[in-house]
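Accompanying notes for the structure given below.
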Amino acid sequence: MDDWKPSPLIKPFGARKKRSWYLTWKYKLTNQRALRRFCQTGAVLFLLVTVIVNIKLILDTRRAISEASEDLEPEQDYDEALGRLEPPRRIGSGPRRVLDVEVYSSRSKVYVAVDGTTVLEDEAQEQGRGIHVIVLNQATGHVMAKRVFDTYSPHEDEAMVLFLNMVAPGRVLICTVKDEGSFHLKDTAKALLRSLGSQAGPALGWRDTWAFVGRKGGPVLGEKHSKSPALSSWGDPVLLKTDVPLSSAEEAECHWADTELNRRRRRFCSKVEGYGSVCSCKDPTPIEFSPDPLPDNKVLNVPVAVIAGNRPNYLYRMLRSLLSAQGVSPQMITVFIDGYYEEPMDVVALFGLRGIQHTPISIKNARVSQHYKASLTATFNLFPEAKFAVVLEEDLDIAVDFFSFLSQSIHLLEEDDSLYCISAWNDQGYEHTAEDPALLYRVETMPGLGWVLRKSLYKEELEPKWPTPEKLWDWDMWMRMPEQRRGRECIIPDVSRSYHFGIVGLNMNGYFHEAYFKKHKFNTVPGVQLRNVDSLKKDAYEVEVHRLLSEAEVLDHSKNPCEDSFLPDTEGHTYVAFIRMEKDDDFTTWTQLAKCLRIWDLDVRGNHRGLWRLFRKKNHFLVVGVPASPYSMKKPPSITPIFLESPPKEEGGPGAAEQT
């Protein structure tokens, strides 16, 4: 090994140097940046290609739509039809003077668009049946009114005629039918449609579809109609497209004197339609009233709560009658609106009244119940010194002597703990069963429909246990329950001081109103002096009832009480009849008697300890339930109480009217 020498061809061995960490990081970072730039460049190129392709596709599609739009058939499906619609056309760069209007009518859906904006779309099941009407301002194109009239049901055509007659000339009218709109479309309504220039409207048949656009008092701007081929089917959907030329602002406005009242009127009339002469340019109806003051007005400082929803035309009618009543105090009136609806608040502002809106709670009848609770609580918070509150609803006419009636009777609530309320409504007070506007009764039921509530009753008893939102109860039925009423009674007049005119509501329709509300008697005589008011106190009333029964002539019980001859053809007499009533809740005979007397018969109302009081042929007619009533002692021994048996229930009988 001593003679070993390294080879000159091999490099000497040395330790390998490690690369710097900085150079390694810089190398990797350079590679990542290059990759990112590459990806970004690719993405930009991809987007450019996509944009070019889409532009070409849009141009080709518009060309195809333009060629096909003239051939659009009314029977096409709604979605297909909308897919082929042109976008709203624009004329130049200045203000537009033409509206693009599209109207769709079919069995299950209606639709209206103005310049591409949907102003009506209704496809809810079992709702919105009938003729939908929209009113546009002829100068601006904004929606001034939206209504639906269920002209399948009775009297809705009358409401439509009234509304259309209230619309000012020149306004743009749009009509469209959902489901069925002809069944109760009578000649008067058809004649009105004919006067508007419609050709198809007056000939509208069973389950036809129809769309119409025109000016009131001006030309028809478009109309389409499809007849139903058979009773079991509907007309094809129709889709109407038309241009509506706009008028000048000068033509659409009135030039009233610049007063505070007219400024309110101008704000109202520029926004909404369907209120008739209140917006007349030449002779507008007053919006301020000056009824005579009421001498010794006991209700001058009693707050009035008007319970309202989204029925502005009802509210308008109701407030006009309320503000015209003798003794009214406008500063004591508050309108409570269930929901943030604009038009009802416009009506309130028109009359210069206080309006309060709140968020709806719950659904259906529970929503109404919560609305009442919130409104009553707010009323006593607004007027903490008030002992009472008057409760009204938006669909009531108020008699001219409404406050006079309350002023003469409200002391009874303070002096008689056996009383529950004072109501302006007589459930049994029909045109043929009510006669004396000066006469008062005590009844065990709570009629509502214009009534006075004692604050102590509400705060101490009703408010703490008011039905909660999850309970779908009617507030008035709950108040009538024995647990709330606790044997107390209400004071009512023989002739009502309120009239229920509303035919659209949660528990109301045309059939129901026709049968039970339309023919109620309503006092129109001012200044009625109530008779023997203090005799309505608990003990005094018993004396009065016994006096009446002692003087009454007993009718011939062998006759049929449902026949007109049951009562003699006299006037001014008092008669009594005795009917079978085995116990306090046995109302079999009374219910059948109420049916043949054509008065309220759905449940028992208007009674006092088994006694009913009404008028027949201008005679005071008393009915006593035997033996349940304590007044049975007045029955002569020879008289057998009348018994009317309930008819057998029919199995499979017709139910309530449903969507056609």
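Here the Cβ of each residue, glycine as well, is placed from N, Cα and C on the backbone.
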>> Starting from the carbohydrate binding annotation in Swiss-Prot that includes Arg129, Arg207, which of Asp115, Asp179, Asp187 is the extra site residue?
In response: Asp179
>> Among Cys281, Cys490, which cysteine does Swiss-Prot link to Cys421 through a disulfide?
In response: Cys490
> For the record in Swiss-Prot, which of the ranges 41-49, 158-166, 473-481 is the region 'Interaction with O-glycosylated substrate glycoprotein' one?
Replying inline: 473-481
> The disulfide recorded in Swiss-Prot for Cys279 goes to which of Cys269, Cys281?
Replying inline: Cys269
> In the same chain, which residue numbers or ranges, 6 or more beyond the ends of the region 'Interaction with O-glycosylated substrate glycoprotein' (600-605), come under 8 angstroms Cβ to Cβ?
Replying inline: 427-428, 443, 445, 447, 516, 587, 590-591, 594
> Of Asp179, Asp395, the binding-site residues given in the record, which has the fewest other CB atoms within 10 A of its CB?
Replying inline: Asp179
> Going along the chain, which residues at least six beyond the ends of the region 'Interaction with O-glycosylated substrate glycoprotein' (473-481) come within the CB cut-off of under 8 Å?
Replying inline: 365-366, 368-369, 372-373, 445-446, 448, 462, 466-467, 507
> What span in Å does the carbohydrate site cover, taken as the longest CA to CA distance among Arg129, Asp179, Arg207?
Replying inline: 11
>> I want to verify one value. Collapsing DSSP to three states, which class is His371 (UDP-N-acetyl-alpha-D-glucosamine binding site)?
In response: helix
>> Just to verify a number: CA distance, Cys254 (disulfide bond) to Arg129 (carbohydrate binding site), in angstrom, no decimals.
In response: 35
> Cα of Asp395 (UDP-N-acetyl-alpha-D-glucosamine binding site) to Cα of Asp179 (carbohydrate binding site): how many Å, rounded?
Replying inline: 27
